[in-house]
Amino acid sequence: MMFSKPVVLATTALATFAAATPLVARTEPTCSSTEIKCCENVGTAAVVSSVLTPILVSIPLVGPLLSLLGLNAVVALLFGTVDVVLGLTCSGIDVGGSCNAQTVCCENVQFNGLINVGCVAIDIL
């Protein structure tokens, strides 16, 4: 019983803080120039499957899972959803450089840069 008051106080404080924190909709991706990628293939797993499948097969332990479970199950397992937008065959863009494919900003990079996850198409001037 001695710990009940601190626990109630901490829980109340956290709930108050969470309720007071405003939610802000993201309309533009926040991406620094070092995170901008030029990707030849951008889309969901279904859209980029012909490029994604050989990449996944080449990754140890993922290849056998792909054979057992199929592409959608492996993508959901690795990235949380089959609807995540992936960037494949990507390279960085130097300041002042150009991109002859799709310019994207991606939330994170997986498998040493082979797969860029959570990508949003952007326009650069």
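Placed from the backbone N, Cα and C atoms, the Cβ positions cover glycine too.
In Swiss-Prot, CYS99 is paired through a disulphide bond with CYS38, chosen from CYS38, CYS39. If you go by Swiss-Prot, CYS90 shares a disulfide bond with CYS39, out of CYS31, CYS39. Swiss-Prot names the disulfide partner of CYS105 among CYS31, CYS119 as CYS31. Looking only at the disulfide-bonded residues CYS38, CYS39, CYS90, CYS99, CYS106, the one with its C-alpha closest to CYS31 (disulfide bond) is CYS106. DSSP assigns CYS90 (disulfide bond) to a strand segment in the three-state reduction. Comparing Cβ neighbour counts within 10 Å across the disulfide-bonded residues CYS39, CYS119, the minimum falls on CYS39.
In this structure, the disulfide-bonded residues under consideration are CYS105, CYS106, and the one with the smallest number of other Cβ atoms within 10 Å of its Cβ is CYS105. Ranking the disulfide-bonded residues CYS31, CYS38, CYS90, CYS99 by how many Cβ atoms sit within 10 Å of each one's Cβ puts CYS90 at the top.
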